[in-house]
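J.: Take a look at this one; I'll ask things after.
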Amino acid sequence: MTIGSMENVEVFTSEGKGRGLKATKEFWAADVIFAERAYSAVVFDSLINFVCHTCFKRQEKLHRCGQCKFAHYCDRTCQKDAWLNHKNECAAIKKYGKVPNENIRLAARIMWRVEREGTGLTEGCLVSVDDLQNHVEHFGEEEQKELRVDVDTFLQYWPPQSQQFSMQYISHIFGVINCNGFTLSDQRGLQAVGVGIFPNLGLVNHDCWPNCTVIFNNGNHEAVKSMFHTQMRIELRALGKISEGEELTVSYIDFLHLSEERRRQLKKQYYFDCSCEHCQKGLKDDLFLAAKEDPKPSQEVVKEMIQFSKDTLEKIDKARSEGLYHEVVKLCRECLEKQEPVFADTNLYVLRLLSIASEVLSYLQAYEEASHYARRMVDGYMKLYHHNNAQLGMAVMRAGLTNWHAGHIEVGHGMICKAYAILLVTHGPSHPITKDLEAMRMQTEMELRMFRQNEFMYHKMREAALNNQPMQVMAEPSNEPAPALFHKKQ
């Protein structure tokens, strides 16, 4: 598919939502409906020295811009590709004497592009940045205060020789960033590393049970010949069959919240009241709050356990932030034990604890206990998420890897195969995560064949292999959730 080609969609007025996009042809699961390059994008302030400012990949060794000493790149190819967007920024940073925050940098990049190309539609865009929603009129007192600070800082940073924009227009751009900023992740999809504006994506409306997902692809510059390079882009991918004329939707937030909580988040962050079927009917809310059936606990017991779980999660967050991982495990075990006679395995409080416990225990290399919690977590997720949900796929992948580390080769292989099937739909076969998962799938398949042929020899060979190479340690647990689709200023 040509990036920027939009023949598969058209803009229409969606009832109760304003503008939206609908399909002009039929699509099936895993189809890429459109791909779009960022209009403008920047790396987060905290990662400017660790992430390429062109492709947003994490690298150990990056080349620094020799002039401003701020921008970092994988290599000369990425640096050359970045120059058009970095040229004005480079001069402005040198003159300003310091690096402004990511919001200021992104606003400036957008306006330098407007200065170069005008305010009309650019190639492949169905909407200009001028016509994107800003919701400035809905900002609360604190947001208005932050906006004034951002505008003042921007005016100090913006070069006097560049085109001068009105205060109203500058405020509009900051509003656009606030409402339409899309989170950019690293090449493994595990960490949010930046934020970008994708105008066409801004036309896709929300649904808590969507028919599409959005995936960030960092592109590939590794080939010797530039003709084989692929560009950094987002891809809108179908999660199942989509009929011609059907509205295209994505979920702006994680589904695993009560409908009332999702609606509250959406109202606060995106200024609209969600009227999707799952919110109107409270679908799956009963599972999110499910209690044991036999014997069924009283409402008072359930209420007390909810409060106890909330208090424990607060203690866990504090312990995690301080790196006290053994304390985290202790708190999880105690709370899960108390929840056992009260909550069912789809209860959100159970699932949150299972997720934390499996992640932290994997990091501590206590794989046997971690694998038990991971299996319970996946069983619960499978009853709640859409079968092709990207977050489900990532969770199943991690659970499969944990079970493989624990020596549960059959369970681990089964989970990795399941995760691979999901990620083929949500990420596509060429995404780095999917490629990693394919390598894992092939390895576990080979080991499973050996296991079935001679279980004793398999365990002897596995033990020898693990003794002769460093154990792969899971990433250190983070308090940060998995990267959300849309970026909100903290």
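In case you wondered, yes, glycine gets a Cβ from its N, Cα and C as well.
Okay, these came from Swiss-Prot:
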BINDING   K17, G18, R19, H135, N205, H206, Y270, Y271, F272  S-adenosyl-L-methionine binding site
BINDING   C52, C55, C74, C78  Zn(2+) 1 binding site
BINDING   C65, C68, H86, C90  Zn(2+) 2 binding site
BINDING   C208, C274, C276, C279  Zn(2+) binding site
DOMAIN    7-253  domain 'SET'
ZN_FING   52-90  zinc finger
J.: Write down the Cα-Cα distance for C52 (Zn(2+) 1 binding site) and H86 (Zn(2+) 2 binding site), rounded and given in Å.
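T.: One finds 13 Å between the Cα atoms of these residues.
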J.: If you run through the zinc finger (52-90) with DSSP, how many residues end up as helix, strand and coil?
T.: 15 helix, 5 strand, 19 coil
J.: Hey, for the S-adenosyl-L-methionine site built from K17, G18, R19, H135, N205, H206, Y270, Y271, F272, who else sits with CB inside 8 A of the CB center?
T.: Q133
J.: Going along the chain, which residues six or more apart from K17 (S-adenosyl-L-methionine binding site) have their CB under 8 A from its CB?
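T.: Long-range Cβ contacts: N205, F272.
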J.: Between R19 (S-adenosyl-L-methionine binding site) and C279 (Zn(2+) binding site), how many Å separate their Cα atoms?
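T.: Cα-Cα, rounded: 21 Å.
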J.: Taking just the CA atoms, what is the gap between C52 (Zn(2+) 1 binding site) and C68 (Zn(2+) 2 binding site) in Å?
T.: 15
J.: Can you list the residues of the same chain, besides C65, C68, H86, C90, whose Cβ falls within 8 Å of the Zn(2+) 2 site's Cβ centroid?
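T.: Here the nearby residues are Q67, F70, A71, K87, E89, A91, I93.
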J.: State the Cα to Cα distance, in Å, between Y270 (S-adenosyl-L-methionine binding site) and C208 (Zn(2+) binding site), rounded to an integer.
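T.: Checking the Cα atoms of Y270 (S-adenosyl-L-methionine binding site) and C208 (Zn(2+) binding site) gives a distance of 14 Å.
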